[in-house]
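TrEMBL annotations:
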COMPBIAS  958-973  compositional bias 'Acidic residues'
DOMAIN    307-603  domain 'ABC transmembrane type-1'
DOMAIN    679-919  domain 'ABC transporter'
DOMAIN    1002-1277  domain 'ABC transmembrane type-1'
DOMAIN    1316-1550  domain 'ABC transporter'
REGION    952-974  region 'Disordered'
TRANSMEM  32-51  transmembrane segment
TRANSMEM  72-93  transmembrane segment
TRANSMEM  105-123  transmembrane segment
TRANSMEM  135-153  transmembrane segment
TRANSMEM  165-184  transmembrane segment
TRANSMEM  353-371  transmembrane segment
TRANSMEM  419-441  transmembrane segment
TRANSMEM  447-473  transmembrane segment
TRANSMEM  538-566  transmembrane segment
TRANSMEM  578-602  transmembrane segment
TRANSMEM  989-1006  transmembrane segment
TRANSMEM  1123-1153  transmembrane segment
Amino acid sequence: MKVAFCGNDNASAYDISAGVLKNVCFVDALNLVPHVFLLFITFPILFIGWGSQSSKVQIHHNTWLHFPGHNLRWILTFTLLFVHVCEIAEGIVSDAQMKSRHLHLFLPAMMGFVAATTAIVYYHNIETSNFPKLLLALFLYWIMAFVTKTIKLVRYCEDGVPLSQLRFCITGIMVILYGLLMAVEINVIRVRRYVFFMNPQKVKPPEDLQDLGVRFLQPFVNLLSKATYWWMNTLIISAHKKPIDLKAIGKLPIAMRALTNYVCLKEAYEEQKKKVANQPNQIPSIWLAMYRAFGRPILLSSTFRYLADLLGFAGPLCISGIVHSIQNSNQNATNTTGKFKETSNSYLSSQDFLRNVYVLAVLLFLALILQRTFLQASYYVTIETGINLRGALLAMIYNKILRLSTSNLSMGEMTLGQINNLVAIETNQLMWFLFLCPNLWAMPVQIIMGVILLYNLLGVSALIGAAVIVLLAPIQYFIATKLAEAQKSTLDYSTERLKKTNEILKGIKLLKLYAWEHIFCTSVEETRTKELISLKTFALYTSLSIFMNAAIPIAAVLATFVTYAYQNETTLQPAQAFASLSLFHILVTPLFLLSTVVRFAVKAVISVQKLNEFLISDEIGDDSWRSAESSVTYESCKKHTGLHTKAINRKQPLRHQLDSYEQPPRRQPRPFEIDDIAVKVTNGYFSWGSGLATLSNINIRIPTGQMTMIVGQVGCGKSSLLLAILGEMQTLEGTVHWNNINETDPSCEATRSRNRYSMAYAAQKPWLLNATVEENIIFGSPFNKQRYKAVTDACSLQPDIDLLPFGDQTEIGERGINLSGGQRQRICVARALYQNTNIVFLDDPFSALDIHLSDHLMQEGILKFLQEDKRTLILVTHKLQYLPHADWIIAMKDGYVLREGTLKDIQTKDVELYEHWKTLMNRQDQELEKDLETDQTTLERKTLRRAMYPRESKAQLEDEDEEEEEEEDDDDSMSTVMRLRTKMPWKTCWRYLTSGGFFLLFLMIFSKLLKHSVIVAIDYWLARWTSVENGNKTVNRYHVAVFSMLCGAGIVLCLITSLTVEWMGLTAAKNLHHNLLNKIILGPIRFFDTTPLGLILNRFSADTNIIDQHIPPTLESLTRSTLLCLSAIGMISYATPWFLVALVPLGVAFYFIQKYFRVASKDLQELDDSTQLPLLCHFSETAEGLTTIRAFRHEARFKQHMLELTDTNNIAYLFLSAANRWLEVRTDYLGACIVLTAAVTSITHGSDSGLLGLGLLYALTITNYLNWVVRNLADLEVQMGAVKKVNSFLTMESENYEGTMDPSQVPKDWPQEGEIKIEDLCVRYENNLKPVLKHVKAYIKPGQKVGICGRTGSGKSSLSLAFFRMVDIFDGKIVIDGIDICKLPLHTLRSRLSIILQDPILFSGSIRFNLDPECKCTDDRLWEALEIAQLKNMVKSLPGGLDAVVTEGGENFSVGQRQLFCLARAFVRKSSILIMDEATASIDMATENILQKVVMTAFVDRTVVTIAHRVSQILDGDIVLVLSDGVLAECDTASNLLLKEDGLFTTLVKTNK
């Protein structure tokens, strides 16, 4: 066929006698001019890139401040491109009906398409380089195009072309579009004044773009990049080179920051508050506030959603059209002869145009692309809004926490748990509700539309199918609620299991030494069994839910088609069948999701109620007293010399000091003047919110610059008085008056740098931040090295800091290293001292300190540091020995002030009280004598050292992110790591699958394959059935019968597969936990010394939870979507083998997309998880330390920190969801390409219409499942990390529990005598470590009391552990009563000896359980043991006696009582050998005396080995072993050893170590 612009089959085509514009061909040629003009002008500019270099302001992104009408321009251009495509298609279809080629029908349209594309590219480049003058070219183009198109339209009107003709419509639309684009261009000129105006407008980019830290560009990029997340490419590709960290994702843009959104929400909430201010019973509505603040984006998202849903119906309609056209193609060929065959202006009607199969295929492709783009846009907008809402709510909750009244927290109206739930659960519920809420109003519309279309296709039978779906939907909802219940009960059991596991791990040493690990292990296993039953219910409902989801469409299709077959005379047509199948697929999704959405809506309503209760709860009173200008001025800030402290003389008893103490003559005691008072309370009545006064009739004055001590018995209201002064209590009446310091007074050098009302406060219960030691001490003040050193010395913190692995840069607090009470308290006191404030409140700072430290703190910290600074100090204390140092004393009793004045005043005015104090001091004196021997601090440091050093030596026991085991030391280690990052952990997957058992694995694989085969068979049979030409009734019945059988089989298989996956997951979870628990329980003690407790607990909590609940559904979803995609590709290839050719490039693209996404997704997921914990911790630590934060006036700093943490977490989550959108857009577009290629290949290489319909139906389902394959793969990869971590513990070696002797060979009453021979004993902790005991030889006769002593690290404790084979005895032996202990089974050995450890450990349960977990003893024996331990009376007084409750860790007993319980426990065992490992180290003198007495009497006939931390304990022993560096240095009676002047024992006794 010859080619000519106007065609060469018509001579009149070039005739212009009637006028140039009357010639259609000439008008079309004229339309080419603007396009050619634009291409000529813009190409040189684009290629030279001149525009992009001339940026006036350098910014880091290639995004710029958009020109006015930016989004409108993009939308119009895309519409223009779409219309051009239609024009090209119309031209080609019209041309196909001609005898010769008529280029003028489609060439101008093609050029127009190229020009429009060039226009938008050109515009984008000009915009990013901010050079608006070049827009003039576009302006000219729009004018020319508008004019030429208008000429064409006028020409059509004159010719009387009707509106029904497609070409006329297209031209009309084009005119409108060009006109609008011209208007947009004029608007840019008007606003930016870049041409025709004298002074062009100067613009600056938005603040976010000037900030190099902002990397989240979604709000700033152009529309195309927004829709396809093109800007994410750099981040996702860079993840391959190096892991994504917080630096890579940068900061949040200002509009998304928590503060911005908080202000919005707060304003809206305040409005609601004003509305209900006059109505007492009404509470402000959070719903309305949320709608006011975040309503607009939700509406935008809903609009996108509606558009996507409507476009979704294009799929079934196009399939119907294509199949129908192919079916009728033969008749079509004969009927469609064109009306204007001969003329050169053949017109096409819209109907004819849409009957063309290729047009339908392209339309289907475009509809899919658009639908998916809108859908992802809708998701993105809701997610962004949800994140913004969560940030705002968190800020709101935090601000409320900072203003909560203390009584609310202390009276238990608002517990920490509730606050943590609000933060962790309720805000997330609301966020999720927001994610899903567009579904609430989009789904009903989708369902109604779907049913109407079905009715059009199939008539009444369609309604039956729809009815099946609607009737089964409530069952879905029922299953969903049951799922939530099952999950809740599972959570309760797992919390209980974790509590038990935690107890086991904390007391593992004791359990091993007493051979009780199996009893406790069984207890955990029992709870685990209950948890597994609950998990079974959970798994059952999950599999039912999956089953319903898969079976409902099959059931609906079955009902519909069978009804249709019996009701209608005509056979079902392929077009009807496949369009309706496709519609059913569309319908199922909203119905399945509806139950989820309704459930979330219910949860959201409950969350809002909880939030409301919290937000209207009581707040602390307004503290205007602290900020108001007080009328009283403060003048007497003269530099006076202060108190020259006397050294505290410990040799002279306190009572003498008290008598001989006189006020130093340098400071004249003088009457108080008003300016001498820092704080004054007049007629104060204070309450803890109950309305009853806790403190009554308080009239006190706190002198400025002096030390005031508040003393009194426990519970008399000393701490309450401090809090009342701080404004934490409710003031019933009276006032607290703070003095104003006049800072302009030049003599006030000391106070110049301080804030006027500044104060520091150390609470009674020490409160630490999750931060470094240094940050805890300086607490937001500027760092001053000298001052810091002075403070740490005063609180004797340096030795403790030296023990920490990173010195004062070590993290402490909840998530950091556990410090002892005394160490925590000293850090809190150091914090109060370090702050440069006028007033310091110390609430019982000595309570957890021993006498040496108390003295040092008093001397260096309080008397020297504070008084030299002239700071006002208020000190609550029980230590009366410090009274002489007080300038002013307030004595409290039962909530009122008993006395107030100086010590002299009290001595003269209240002799009785003074005498009472003297007696108390007398008692304290006697305790001091003993106390001087106790050195609690040394002990605390020892504990800390013990906790630190084994860890350090094995610092990284397990690198959490350690990749597959095959990692060799490559030279190019970076590339290895990258290779491992991109590799799926197949080995771990295989381990997981096999731990569920091979039978279940086989069953799962087999049933899955069978199910998918049956589902394909159902659809294939439908294609066969519908392709039969006018079959008779018997044929019809045969088809229906087979179809019904296949559907039934499909439904049954759906149930079987969903059950097998869950069942396999459960079995795997059960086996993995069982193996892990047994492995850990039987692990060597060294493992627990070197592995942080938190790490082991994590395996039992987070990792087990993932294995229990998350892996099975992910695995199910992954296998389902993968098999669906594979069966779809198989089916299309079967229908049209040519499709396989096109599949290769698509497959390659898919491989790369999933490869890049998986790595980035894993990193972003980890970032999201790791940024969540600090946020939650910050909330809980704020709630715990409220009084401290408020006393220091640091609310603003904490708020700022909270906002930063929220933003960090939000940006990670935003990037994660943007990455998910990135993936989904790409896989959706790939899916659309698959649909297009499938359609085109099947139309071209025609097959029968049934198979064609089938192929298209499957191609459409692929779009839904491709991204699920990748998402599930990525999730599974992250979740397999949990299996890997658990497996890493399963490779650990256990202790060797078997001995060479059989337990039956060991005499029942062994060891009867208690004779111990230690022969050449060498001991080490592990094969690769040095020996800790070397060739120790000793002989202990039956019944002897033996003491073992030596300096720290000499091997004393190692020797005690050697008796129990807790360490590796690699040479020599210990023989007890003639049996070498290395030959005994471990359980037998450990169950026959007794030990009392240094740390008293009790387990939660009853007292009976703690003394005798094996339940072997009678009550009499237990009471006898308690009597011996002097606990009988105390236990009798408890409710329940022996069955009285012991809380976790025995917290409801004092340390002394706990140690006595441990003694009773050892006595119950009736063993002839007792080992005491520094058992008296952590208890007071009184308890120690009881212990010593009991050991001497109750254990008189038993062998007792005492490892002493104080030599004085073992002086009366029969024999003393002195160890030094693992070698036995001396061995004799104590008296003999003391005769050696230079002996080691003598040195130890002298230095009292």
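Just so it is clear, glycine is given a Cβ too, placed from its N, Cα and C backbone atoms.
Mean model confidence for the domain 'ABC transporter' (1316-1550) is a pLDDT of 80.
Between the transmembrane segment (32-51) and the stretches 105-123, 135-153, 353-371, 447-473, 1123-1153, the greatest number of Cβ pairs separated by less than 8 Å involves 105-123. Ranking 679-919, 1002-1277, 1316-1550 by CB pairs under 8 A with the domain 'ABC transmembrane type-1' (307-603) puts 1002-1277 at the top. When Cβ-Cβ distances under 8 Å to the transmembrane segment (72-93) are tallied for each of 105-123, 989-1006, 1123-1153, the top count falls to 105-123. Within its own chain, the transmembrane segment (989-1006) has Cβ neighbours under 8 Å at 1057, 1060-1061, 1063-1065, 1067-1068, 1071-1072, 1107, 1111, 1276, 1280, 1283, 1287, counting only residues six or more beyond its boundaries. Listed as Cβ neighbours of the transmembrane segment (135-153) (distance under 8 Å, sequence separation of 6 or more from its ends, same chain) are residues 21, 27-28, 30-31, 33-35, 37-38, 41-42, 45, 67, 112, 115, 119, 122-123, 126, 168, 171-172, 174-175, 178-179, 181-182, 185-186, 188-189, 194-195. Within its own chain, the transmembrane segment (165-184) is flanked in space by residues 69, 72-73, 76-77, 79-80, 83, 86-87, 90, 94, 139, 142-143, 145-146, 149-150, 152-153, 156, 347-350, 353, which lie at least six positions past its ends and keep a Cβ under 8 Å from the stretch.
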